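Annotation source Swiss-Prot lists ATP binding site at SER19, PRO20, SER21, GLY22, ALA23, GLY24, LYS25, SER26. Taken from Swiss-Prot, the feature domain 'Guanylate kinase-like' applies to 12-191, supported by sequence analysis.
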Amino acid sequence: MPSANFRLARRGLLFVISSPSGAGKSTIARRILAEDDEIHLSVSVTTRPKRPGEVDGVDYHFVDVPTFKKMVAENQLLEWAHVFDNRYGTPRAPVEEMLHKGQDVLFDIDWQGAQQLWQQASGDTIRVYILPPSFEELERRLRGRGTDSEEVIQKRMARAASEISHWDGYDYVLINDDMDECVKQVKNILTVERIKRRRQIGLIGFTRKLLAPPED
């Protein structure tokens, strides 16, 4: 009889969290990673300058533009996008390795990256979009970070409406008016998606064994 710790083999999933800047996707992603040891962050490649406190290979893989273009040309990226004068992309090899090992991969990316990822791996990709409760609250959060200039804040606000217009391309859409509640909802989505039948690749073998005639 299976023990309380019995688990079937399953295929990993690609779990995307997107939002306009300031709506909370990065904070939610950090909370999920800290509280769930079965999911791992996809570390993006970027051409943007490293910010204080960021670690190469942990927060991002920081590269120059020629290196990034070479990675695109050689199909080393699952998805990539040009955002605020910088390029961002997802290295293909580590993601595919984790997926085949049954490990989940978390993506903190925008709608362009989510769309490309879906086009390449629709059966493995789950997309969650985080909305702010209002544009006023979105601006308040951006200013509260204290990391962006007035010019950058205005650019982010101007881009927010365009980004939000793509909400209907996602599987789940949440309004982040309470961070703890929003994190709870995201964790619930993750739990449900993990136990869907198509992900339980060990079910066929298990049921065959379960239904096999008992040996004499």
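Keep in mind that glycine also has a Cβ here, set from the backbone N, Cα and C atoms.
Sorted by the number of other CB atoms within 10 A, the binding-site residues SER19, SER21, SER26 start with SER26, the lowest. Cβ proximity to the ATP site centre (mean Cβ of SER19, PRO20, SER21, GLY22, ALA23, GLY24, LYS25, SER26, cutoff 8 Å) flags the following additional same-chain residues: ILE130, PRO132, LEU138, ARG141, ASN176. In the three-state DSSP scheme, GLY22 (ATP binding site) falls into the coil class. Around GLY24 (ATP binding site), taking its Cβ as the centre, 23 other Cβ atoms fall within 10 Å, counting all chains. For the domain 'Guanylate kinase-like' (12-191), the predicted model reports an average pLDDT of 92. Taking the Cβ of LYS25 (ATP binding site) as centre and 10 Å as the limit, one finds 24 other Cβ atoms among all the protein chains shown. Less than 8 angstroms from the CB of PRO20 (ATP binding site) sit PRO132, LEU138, ARG156, ARG159, ALA160, GLU163, ILE164, each of them six or more residues away in the same chain.
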